[in-house]
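Asks: Sharing the features that Swiss-Prot gives for it:
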{"type": "COMPBIAS", "residues": "149-167", "note": "compositional bias 'Basic residues'"}
{"type": "CARBOHYD", "residues": "Asn39", "note": "N-linked glycosylation site"}
{"type": "CARBOHYD", "residues": "Asn105", "note": "N-linked glycosylation site"}
{"type": "MOD_RES", "residues": "Gln24", "note": "pyrrolidone carboxylic acid"}
{"type": "REGION", "residues": "148-167", "note": "region 'Disordered'"}
{"type": "SIGNAL", "residues": "1-23", "note": "signal peptide"}
Amino acid sequence: MNYTGYLLAFQLCIILGSSSCYCQADLFKEKYKLRNIFNASDSDVADGGLFLDILKNWKEESDKKIIQSQIVSVYFKIFDNLKDNQIIQKSMATIKEDLIAKFFNSSSSKLNDFPQKLIRTPVNDLKVQRKAVNELFKVMNXDLSPKSNLRKRKRSQSTFHGRRASI
């Protein structure tokens, strides 16, 4: 890469970095705006956490991601409940956009999996029950868990380590 290419790459990094700083500043501003509107720093909300107490019990990173996505879904329910409040609409939209990007990789299909597909599963429907029982062993089996892939990877690596090339 020549000098001009390095200069253009550097400028691109500066532009991208400054735009993300601007977005973070805007996000903090909207959070504090909501905090002030709801008087969320008052002593009546200081009697214990709502979600943080739950989150403290989850230690593993993958477990935390699961519970955080559940908590984010609750925030979205709260935002939907307040959607008619014009004063906080921009703040909620900004925060919701950031949450979708962070926890659902900006994927609307992932966002809708939990609240629309899982929670609203008609558990009294016989066909649903039959499908659930049919999939039960696949869900519980190591086929879908990350640990099974790790075991397979370790197993395949150990077979390669056991073989030595003869000269």
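Keep in mind that glycine also has a Cβ here, set from the backbone N, Cα and C atoms.
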Asks: Measuring Cα to Cα, how far is Gln24 (pyrrolidone carboxylic acid) from Asn39 (N-linked glycosylation site) in Å?
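Replies: Pair distance, Cα basis, whole Å: 22 Å.
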Asks: Let me check the 10 A CB neighbour count of Asn105 (N-linked glycosylation site). How many other CB atoms are there?
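Replies: Around the Cβ of Asn105 (N-linked glycosylation site), 9 other Cβ atoms lie within 10 Å.
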Asks: Where does Gln24 (pyrrolidone carboxylic acid) sit in DSSP terms: helix, strand, or coil?
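Replies: Going by the DSSP assignment, Gln24 (pyrrolidone carboxylic acid) falls within a helical segment, counted as helix.
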Asks: Let me know the DSSP-derived helix, strand or coil state of Asn105 (N-linked glycosylation site), please.
Replies: coil
Asks: Do me a favour and check the Cα-Cα span between Asn39 (N-linked glycosylation site) and Asn105 (N-linked glycosylation site); whole Å is fine.
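Replies: Just about 31 Å between their Cα atoms.
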